Amino acid sequence: MAVLRVPVSWLLEYVHTQTGFVGETGIRSDTRRTHTDCPVAEDILESLLSVGFEGEILDRPELSGPIVVGRVLDFTEEVHSNGKTIRWCKVRVCAPVQPNNTPLSKDCNPSTQTGNFSNADTNSALETRDIVCGASNFSKGDLVVVTLPGSNLPGGFHVTARKVYGHLSDGMIASEKELGVGDNHDGILRLAEVFQGDELSKIREGDNALELLALTDSAVAVSITPDRGYAMSIRGIAREYALANNIPFSDPLPDDVLPAGGLSIDLRCKPNAFFTLLIQEIENNQTPQWMVRRLQLAGIRSVCPVVDITNYVMVETGQPLHAYDYDAIQGSLCVRTADKKETLDTIDGRRLELHTDDLVVADANGALSLAGVIGGSRSRVTSDTKRILLEAGNFNPIDISLSSRRHKLYTEASARFARSVDILIAQRALARAAELIRDLASGDITELGSAYINYTQQSPILLSTLDIERVVGCCFTREEIMSSLRAIGCDVSCDSDHSTPDTQVMLVTPPSFRPDLVNVQDLAEEVIRVIGFNRIPSLRLSVPHREQPVQSQQYKLENGKLENGYTLSPVTPPRTPPVTFEQRRLLGQSLAACGHVEVICYPFVNLAAAGICHIDVTHNPDSTHNPDSGSDPIIPTGVTRITEPGSSGVSGPDNVDVKEKCSADTSVEHPTTRAISLHNPIDATEGYLRRSLIPGLLQCAHRNLSRGLCDLSIFEIGRVFLGQLRTSNLIGCNSDSTCNACSRKNTIESMNEVYQPYTVSVLQTGSAIQKQPYTEGRKYDLADVFDSARQIARGLGVDFHFVQDKHPAFHPGRCAKVICKHHHIGYTGQILPTLANKHNLPDNVFACEINLDLVAQLGCSQEIVKTLPTSPAATQHLTLTLGNNIAAASVISVVKEGAGELLEDIRLIDEYKHEESDKKSLTFAMRFRDKEKTLTAQRVNLAKENAVRLASSKFGAIMRR
C-alpha cells in the first residue's frame with residue numbers, strides 16, 4: 001500500500017472551509033465535528049477516515065518561540081586557546097511587542113509574557129543583540145535567522161541567554177539543520193541564499209522567520225490502496241476531504257489547455273496519451289522557498305526550478321511529468337520498446353540493461369528515458385539548461401509496473417502510473433506546469449509541441465435501488481444514491497425504460513479518473529462510503545443451511561480383510577460445523593509446544609504454485625506420471641503400501657539417482673479444483689488464491705534459509721480456496737484463467753460454490769537435533785513429518801493412519817495419504833526434490849497437509865477416558881524375516897490380528913536389509929496385557945505364535961530366534 005505525504009497548507013488551498021459547523025445538508029447525515037478556517041491535522045485525518053482513507057500525522061512544527069529575522073551589523077573575530085575562531089556579532093532584531101506596544105526586556109521570560117513576533121507594526125522597537133557565532137559564511141549586512149531566548153528548536157533544544165567563550169550570547173544565529181529546512185550544519189542560513197530580487201528586498205528585521213520560511217506547516221501521511229490511483233495527489237485527497245465535509249472543492253488545474261503542434265513524434269507503441277511542449281529562455285536558478293518547503297514536506301528533495309516544478313505538479317495533480325534538455329535531443333522523439341541489449345544511464349547514476357518489453361522515449365541516438373519510471377542522464381535538465389521539452393504522457397499501468405519491478409526502480413512516477421492515472425488530465429497538467437515555469441523561471445512558452453490522446457469513455461452501468469439494497473443490506477432512496485454518485489464525479493441519469501414501480505433504475509457513467517468503477521458492487525461501495533457506514537443497521541448474523549459440496553474417499557474393510565486391496569468409494573460426510581476457532585487455537589498451541597514455529601503467509605500465489613501443491617482429497621493417483629521409484633523405499637511405521645490388483649509392488653533399478661526418480665509431472669491439475677484468479681490482485685505476478693499452504697511455507701523456508709536460519713520446523717493454519725467445476729462468480733474472483741463478469745443475481749449462490757476449508761500444514765528441513773559434544777546431530781527425515789501428523793491427530797483428539805500413495809508435489813515412494821475414520825483427509829511425505837530446488841531449498845524437505853474441516857465433519861475432539869490398567873504387562877520382541885516389498889504397516893496389521901486382544905501395543909524398533917538377497921528383517925516391540933488378570937508365559941507365547949503363524953501364511957515370514 002502506497003503512502004502519500006500531504007502538507008496541510010497545500011491541501012487547504014483547494015477546499016473552502018467555513019467557521020463553525022460544516023454544512024449538514026446534502027449527502028452526509030451524521031453529525032460532523034467543528035472545523036475552523038484552518039483545521040488541524042487531526043481534523044483532516046478524521047475526515048479522511050470517514051471516507052475510507054487511513055493516515056497518521058508525520059511532521060509537526062517543532063519550532064516555537066521568538067524566531068525572527070536579524071541583520072548582522074558588525075562582528076569581531078576572536079581566536080581562542082583551543083584553536084577555534086568565533087565571531088562576536090552585533091545583530092539587529094525586532095524586540096517582541098507586548099499588547100501595550102512596549103518592547104519586552106532582553107531578560108524577559110517568554111513563558112510568562114505574551115508577545116507578537118511579526119513586523120506588522122512600524123512602531124516596533126528595533127534593538128541590537130550580542131550573539132556568539134561559530135560560523136564564518138556571512139558578512140556584514142546579511143539577513144539571518146535569529147533564535148531569541150525562549151525559543152525551541154527541533155530535538156528539544158531550548159535557547160537561553162548564556163555565557164559562551166567569555167561573552168554573554170543573547171540568542172543564536174541558526175543554520176539550516178537547526179531549523180529543520182536542510183542538512184547543512186557547516187554554516188548559518190543566509191536569507192540571500194533562499195530569497196532573491198523583490199522577495200529579498202521586502203524582508204525586514206524582526207519579521208517572523210517561521211512564517212517566512214513556511215516552518216509552521218505540518219504534514220499527514222495517507223495510505224492509498226492500489227485501486228485508488230486518483231488519490232495519489234493533493235488534488236485527489238482534497239476532493240475526498242471536501243466530499244467528507246460537504247464543502248466546495250477548487251480544482252487547481254486550468255480549464256484551458258495550451259495550443260501546441262508542429263513537433264513530430266514517432267509513436268510506434270501507442271501510449272494512452274502523449275503531450276509535449278517546448279519552453280525556452282529559462283532561468284533555472286533558484287526555487288522559491290514556499291515550493292521547496294512543500295516538496296520537502298511531501299518527501300521530495302529540491303533540485304532546480306524546472307525539476308521542482310515538474311515534481312510539484314506531479315504531487316499536486318497525480319500526473320507525472322518529465323522535462324528534457326531540448327538541446328540534448330538528437331533528431332525527433334520516438335516512443336518505442338527497447339532494442340535488444342540497449343542500455344540507459346539514469347539520472348541517479350545507474351546503468352540499466354533494458355528489456356525488449358520496456359517502453360522508452362528515445363531519439364536518434366538511443367533511449368532518453370524509461371517511460372513512466374525514470375529519466376536518462378543524457379537529456380537531464382541542469383542549471384545551464386535554457387530550452388526544455390516538457391512531456392506529459394499516460395502509459396499502460398501493467399507495462400509500467402512490470403518495468404519498475406524488472407529493474408527494481410520504484411519511483412514516484414511509477415507508483416502513480418502503476419495505479420492508473422487519469423488520461424484526461426495529462427494536457428491540463430502540462431499547461432499547469434508551463435504556467436509555473438513561466439512565472440517562476442521566466443520561461444517563454446512556445447506553440448511548438450505535440451498532442452496525442454486515445455481515450456474511450458467507460459461504458460455506462462445500469463444500477464437499481466434493489467442492487468444497492470442487495471449488496472449493502474439496507475435501503476436508500478434514488479435521490480440519495482444519485483447525489484452520492486454525483487459527488488464522486490459520476491454522470492447519473494434516470495433510466496425509465498428499465499425502471500419498474502418497485503425498482504428505480506439509473507444509468508451511471510464513471511468519471512475518467514475512476515477506472516476502478518466497473519460494476520454494481522463498485523458503485524454500491526461508493527454509495528455507502530459517501531453516505532456513511534453508520535447508516536448500515538446492526539443485524540444478527542443469519543447463515544443459510546446448505547450441504548457442503550465436499551467429496552472424500554472411504555476405505556472399506558470386510559471381516560478384518562481388505563476388499564480388493566483398498567476400495568475407494570466417494571462419500572459425503574455428515575453436515576457438521578467446520579473446525580472452530582477454539583479447536584484451531586488449541587491445535588496451534590499443541591504444535592508450538594512440540595517445537596514447531598507458527599507462520600502466517602499470504603493467500604495469494606502464482607498459477608504454477610496453485611497447480612503444483614494442491615492437496616486434493618479427490619486426487620486420482622492414476623492421473624499423475626508414475627516413474628520408477630526404485631526398490632523398497634523407507635516407509636515409517638503405520639504406512640501401508642497399496643498396489644493395484646495383480647501387481648507385485650514397486651519395482652525399478654536401485655542405482656537410479658534420487659532426482660532422476662523424482663521427475664514426476666508437477667503440472668497435473670485436477671479438473672474439479674481450478675485455481676481461482678483475482679480481478680484486481682495486489683501483485684500481478686500472484687493473482688490466484690492458494691489451494692494449498694505448502695507453497696507459502698516453501699517461500700517462507702527460502703526466506704529463512706537465505707538469512708542463515710537453516711533448521712526449520714514451521715506450520716500454518718489457514719484457509720485454502722478450492723473452486724468447483726462451474727465458473728465461480730464470486731465477487732472479485734473467477735475460477736478460470738480468464739476474467740468473467742460478476743453476476744448480480746446469484747452472487748450468494750456463486751460464493752457458496754467455492755469450498756474454503758481450514759487446513760494445517762507442517763514443513764521441516766535441516767537438523768532435527770544439533771550436533772553437540774557427546775551427541776550426534778540428526779537431520780529431519782520422513783519419520784519426523786509422520787510424527788508431526790500424529791501430533792496434529794493428538795491435538796484434534798483423533799487417530800490417523802497412513803496409506804502409501806503418489807502426488808505430483810511429493811517424492812514418489814515417500815508419500816502417503818492421511819486417513820481418519822476411513823476417510824482421506826490429506827497427504828504427508830517428502831517434497832519433490834526438484835520442487836524444493838526451485839525454491840533454493842535442499843533435497844530433504846518434508847511436509848504434511850491435513851484438511852481440518854473434513855476432520856471436524858468426521859467428529860474430532862471426542863476424548864475417550866480409559867480405565868487405568870490394574871494388571872501388569874508383558875513385553876516381548878518379535879523379529880520376522882520377509883520380502884523387501886512388504887510394508888511394515890501391513891505386517892503390523894496382520895500381527896495384531898493374529899495375536900488377538902491380548903496385544904495392547906506394537907511398534908517397529910529395527911529394520912535390517914540383507915545385502916545379498918531380497919529379504920529384510922523387521923523387529924517389533926510387543927506389549928501384552930489382560931485387563932482382568934495377570935498374564936502367564938504360556939498365554940503370551942501362544943498369542944505370539946498365532947501372530948507368527950498368520951504372518952507366515954500371509955507374507956511367508958520366518959521368525960528369527
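Glycine is treated like the rest: Cβ placed from N, Cα and C.
The domain 'tRNA-binding' annotation in Swiss-Prot covers 85-201 and rests on sequence analysis.
Residues annotated as domain 'B5' in Swiss-Prot: 456-538.
The Cβ of Glu526 (Mg(2+) binding site) has 22 neighbouring Cβ atoms from other residues within 10 Å, across all protein chains displayed. Positions annotated as Mg(2+) binding site by Swiss-Prot, on the basis of sequence analysis: Asp516, Asp522, Glu525, Glu526.
Among the features that Swiss-Prot reports, region 'Insert' is placed at 621-674.
Taken from Swiss-Prot, the feature domain 'FDX-ACB' covers 869-960, and the record attributes it to sequence analysis.
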List the residues of the same chain that sit at least 6 positions away from Glu525 (Mg(2+) binding site) in sequence and have their Cβ under 8 Å from its Cβ, in sequence order, or write 'none'.
Val471
Mind checking how the domain 'FDX-ACB' (869-960) divides into helix, strand and coil residues in DSSP?
34 helix, 34 strand, 24 coil
Using the Cβ centroid of Asp516, Asp522, Glu525, Glu526 as the reference point for the Mg(2+) site, which residues of the same chain not in that list have Cβ within 8 Å?
Asp227, Arg514, Leu517, Gln521, Leu523, Ala524, Arg529
Per DSSP, what is the residue count of the domain 'B5' (456-538) in each of helix, strand and coil?
33 helix, 13 strand, 37 coil
Would you count the other C-beta atoms found within 10 angstroms of the C-beta of Asp516 (Mg(2+) binding site) for me?
18
Restricting to the same chain and to sequence separations of six or more, state which residues have a Cβ under 8 Å from that of Asp522 (Mg(2+) binding site).
Asp516
